[in-house]
Structures are given as C-alpha cells and as structure tokens.
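Feature annotations, reproduced from Swiss-Prot:
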- 117-277: coiled coil (COILED)
- 303-420: coiled coil (COILED)
- Lys125: ubiquitin cross-link (CROSSLNK)
- 6-98: domain 'CARD' (DOMAIN)
- Ser2: phosphoserine (MOD_RES)
- Thr231: phosphothreonine (MOD_RES)
- Ser277: phosphoserine (MOD_RES)
- Ser424: phosphoserine (MOD_RES)
- Ser425: phosphoserine (MOD_RES)
- Ser431: phosphoserine (MOD_RES)
- Ser451: phosphoserine (MOD_RES)
- Ser461: phosphoserine (MOD_RES)
- Ser483: phosphoserine (MOD_RES)
- Ser498: phosphoserine (MOD_RES)
- Thr531: phosphothreonine (MOD_RES)
- Thr533: phosphothreonine (MOD_RES)
- 99-116: region 'Linker' (REGION)
- 425-451: region 'Disordered' (REGION)
- 472-536: region 'Disordered' (REGION)
Amino acid sequence: MSDYENDDECWSALESFRVKLISVIDPSRITPYLRQCKVLNPDDEEQVLSDPNLVIRKRKVGVLLDILQRTGHKGYVAFLESLELYYPQLYRKVTGKEPARVFSMIIDASGESGLTQLLMTEVMKLQKKVQDLTALLSSKDDFIKELRVKDSLLRKHQERVQRLKEECELSSAELKRCKDENYDLAMRLAHLSEEKGAALMRNRDLQLEVDQLRHSLMKAEDDCKVERKHTLKLRHAMEQRPSQELLWDLQQERDLLQARVQELEVSVQEGKLHRNSPYIQVLEEDWRQALQEHQEQASTIFSLRKDLRQAEALRTRCMEEKEMFELQCLALRKDAKMYKDRIEAILQQMEEVSIERDQAMTSREELHAQCAQSFQDKDKLRKQVRELDEKADELQLQLFQTESRLLAAEGRLKQQQLDMLILSSDLEDSSPRNSQELSLPQDLEEDAQLSDKGVLADRESPEQPFVVLNKKHLSQTHDTVPSSSEPPEKERRRLKESFENYRRKRALRKMQNSWRQGEGDHGNTTGSDNTDTEGS
C-alpha cells in the first residue's frame with residue numbers, strides 16, 4: 001500500500017497533505033473502518049466524535065491523525081485504505097495511484113440503487129461462496145468421517161492381529177509346556193521301565209536262587225534217603241546175623257566132627273596093619289567112594305556157593321544200580337517238576353506282563369483318543385471362536401459401511417438442500433425487482449427498527465443470517481422428510497418467502513446506511529468545496 005517502511009517517513013510524507021486532509025475528511029465516516037482495522041479503539045473514537053472540546057470538524061480530523069500517527073505504519077496503511085474506500089480522489093492526490101476500490105465512485109455514478117444492487121450481488125456471491133465452502137466443509141467432514149471409519153477398521157484389524165498374535169504366543173507356550181510335560185512323562189516312563197526291568201531281573205535272580213536252594217534241598221533229601229536205606233540194610237544184615245547159641249552149637253558140632261575125624265584117623269592108622277584083609281579093602285573102597293562123593297559134593301557146594309556169591313554180588317550191584325537209578329529218576333522228576341513250576345511261573349508272569357502290556361496299551365490308546373478328541377474339540381472351539389470373531393468383524397465392518405453410507409447420504413441430502421437454496425436464490429434474482437421497490441415503503445418502519453437493533457451484528461458477521469436461514473431450512477427439511485403429507489410446492493413457497501423477507505430486511509438496512517452515509521458525504525463535500533474555495 002505504501003512505499004515507506006519507516007513510521008516517520010510514512011507520516012512525514014503525509015504532512016504536506018495535512019491541510020487538504022483536514023479540510024476534506026469527515027471523521028465519522030472513516031472511524032468505523034479504522035476501528036475495524038483495530039488501529040482505533042472505542043475510547044479514541046469516543047474522544048474524536050463526542051469530545052465537547054472538539055466541535056470543529058477540522059480539529060477532530062487533526063486529533064484523529066495524531067492518534068493514527070501514534071499507531072505507526074499499521075495506522076498509516078489503514079488510513080490510506082480508508083481514503084481509498086471513501087475518498088478516492090483524495091487518495092489519488094496523496095499517493096498518485098488509482099484506487100482499486102470504487103464504492104464512492106459507484107455512489108456518485110449510479111446512485112444508491114446501484115450500490116444496493118452491487119451490495120446484493122456481492123452478498124449473493126458471498127452466500128454462494130459460503131454455500132460452496134459449507135458443501136466443501138461437509139464433504140471434508142464426510143471424508144474425515146470415512147477416514148475415521150477406516151481408522152476404526154484398521155484399529156479393529158490391528159486389535160484382531162494383536163489378539164491372534166497373543167493367542168499364537170499362548171498356543172506356542174502351551175505347546176512348549178505340553179512338550180515339556182510329554183518329555184517329563186517319557187523320562188518318568190523310561191525310569192519306571194528301567195526300574196521294572198531291574199525288579200524283574202532281581203526277581204529272576206531270586207527265583208534262580210530259590211530254585212537252586214530247592215534243588216540242593218532235594219539233593220540233601222535224596223542223600224538222606226540213600227543213607228537211610230543203607231542204614232536199614234545194615235540193620236537188616238545185623239538182624240539176619242546168627243545168634244550166639246547157634247554159634248556155640250556149630251562150634252560143638254565142629255569139635256565133635258574134629259574128634260571123630262581124629263578117631264577115624266587113628267582107626268585108619270591102626271587099620272593100616274590090617275590093610276591086606278578083604279574087609280579092610282572093602283571099607284577102604286567104601287571110604288574112597290564116600291570121600292570121592294564127599295569131594296564132589298564139596299566141590300558142588302563150593303561152586304554153588306561161588307555162584308551164590310556171584311548172584312548175591314550181582315543182585316547187590318543191581319540193587320545199588322536200581323537204587324541209583326531210582327534216585328536219579330526221582331531227582332529228574334523233581335527237576336522236571338521244578339522246571340515245570342518255573343516254566344509255569346514264567347508263563348504266568350508273561351501272561352501277567354502281557355495283560356499289563358495290553359492294559360497299558362489300552363490305556364495309552366484311550367489317552368491318545370482322549371487327547372485327540374480334546375485337540376479336535378479345541379480346534380473346533382478355536383474355529384468357532386475364529387468364525388465368531390470374523391462374523392463380529394464383518395458385522396462391525398457392515399456397521400461402519402452403513403455409517404459411511406449414512407454419512408454420504410446425509411452429505412448428499414445437505415448438498416441437495418444447498419442446491420435447492422441456490423436454485424431458490426437464482427429464482428429470486430431472476431424475478432423483477434419492482435415488486436421489492438413497491439414493497440419497500442410498506443415495511444420501512446419495521447425494517448428500520450430491526451436494522452437499528454441488528455446493524456452491529458450484520459457488520460460483524462454478514463454470513464450469519466444466511467447460516468441461520470440455512471439451519472432453519474435444514475431443520476424444516478429434516479422435519480418434512482419423515483412426514484410426506486406436505487407438498488414440495490408449499491415447502492418451496494415457505495423457503496422463498498423466508499428468503500425474500502431476509503433479502504428485503506437486508507436491503508432496507510443497507511439502504512438506510514447508504515442514505516445516512518450519502519447525506520454525510522454530501523454535507524462534507526459541500527463543506528470541503530467551500531473550504532477549498534476559501535483556501536484558494
């Protein structure tokens with residue numbers, strides 16, 4: 001706006017035009033703009049406009065320039081902008097540039113009606129911009145909501161992934177624990193098997209020792225029986241030995257026989273003398289025959305005794321062999337019985353071991369079946385949980401999609417409502433303005449009262465009535481959407497009437513403000529012309 005950066009240079013450049021500025025400017029006309037630019041506070045404005053010491057307009061302008069000079073470069077720029085808006089010719093003289101804002105020129109050229117038309121056009125443009133910005137804002141809100149929905153979906157998926165990771169970690173920990181337990185059980189089973197094998201080996205050794213002791217006991221019993229038999233034989237032999245009386249009788253018979261033999265020998269010696277006698281010869285022959293027979297009988301007896309002794313020896317040997325064979329047979333029978341009992345015990349143990357093995361295998365198969373069934377049930381439950389999680393995620397996704405569609409529908413509904421408002425405003429712009437000019441005098445007093453109350457609010461936020469009207473229209477449309485009893489023509493007519501009332505009131509307020517400013521400008525212009533002529 002200015003070519004000067006230093007405050008002193010800015011205001012020193014305006015000192016040459018101070019007399020012209022004081023003579024032309026009306027402080028009541030530019031103070032609202034200066035206050036809007038925040039270079040003039042309400043106290044300064046009250047001092048400039050309402051101070052009883054400042055009755056003359058030129059003194060008011062001088063005080064205003066002094067106040068603005070204290071604000072520095074910002075006050076200088078705001079003052080030049082106010083000159084550009086309200087005093088374009090003076091701005092051209094001071095800066096040597098053409099003003100870019102031509103509000104006062106429009107007032108001078110086309111009058112108040114042209115200014116009103118221009119203001120209405122600008123208001124409509126601003127309203128259209130507000131509508132576009134509102135639509136853009138709604139679309140951005142919808143996009144933000146969609147992003148929030150996507151963010152919630154992403155968070156849901158992240159939570160699900162985290163939950164799956166936690167489940168995987170828990171499953172891996174449980175699998176590791178099961179493996180450790182299985183390893184411990186296998187180790188315990190191996191130790192128990194080793195202990196069982198050691199116990200079986202000790203049992204077998206003890207059984208062998210018992211069998212050996214039993215065999216030794218049986219041998220001792222057999223030896224005892226053999227000794228008992230020998231003892232019985234000796235006792236029987238002692239019992240069969242001849243008695244002492246029989247021995248004495250046999251001894252007497254032997255003595256008698258010896259005496260007779262001696263007598264016979266004596267008689268034989270005596271009979272040698274009478275050998276030649278026939279009687280003696282006969283006796284000798286008889287004696288020889290008897291002796292020969294006796295010798296034959298003795299040899300026969302001797303042979304028979306020899307045979308008897310041999311038979312008795314053979315009989316004794318056979319009896320001994322028989323007894324030995326009987327003892328061997330008894331020992332073999334006992335050994336066979338022992339081995340039979342041992343085999344039966346081993347077979348019984350094998351049957352018991354096989355029964356225990358079958359029971360262990362059956363219990364192991366049952367445990368495996370139970371474990372497999374539990375794993376299947378666990379897998380089924382996990383599958384059901386996973387399916388339920390997927391269903392929940394799908395339902396939540398459908399809920400989010402429904403919410404996004406609902407938000408999109410609301411955005412489209414808002415856009416349609418804004419389009420309807422734009423269409424109604426276009427229809428109002430195309431309608432003849434003479435009806436408005438005819439209806440202006442009728443509502444002038446009422447609108448003047450309303451304008452006096454709401455002029456400050458209109459200056460601060462010119463878009464607020466349109467927003468309120470838009471909110472009313474949205475509320476009406478939301479109220480009328482569920483109830484389809486009212487026709488759309490009636491709703492459009494109501495909207496058109498409310499918008500016409502708003503435009504009428506807005507135009508009246510603008511016209512009153514422009515009339516007041518025009519009267520002040522006219523008086524100031526005449527006064528400035530008089531002062532210029534006087535100064536010239």
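Glycine is treated like the rest: Cβ placed from N, Cα and C.
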Rounded to the nearest Å - Cα separation of Thr231 (phosphothreonine) and Lys125 (ubiquitin cross-link): 153
Under 8 Å by Cβ from Lys125 (ubiquitin cross-link), same chain, sequence gap 6 or more: none
Cβ neighbour count within 10 Å of Thr231 (phosphothreonine): 10
Helix, strand and coil residues within the domain 'CARD' (6-98) as assigned by DSSP: 74 helix, 0 strand, 19 coil
Reported mean pLDDT - the domain 'CARD' (6-98): 86
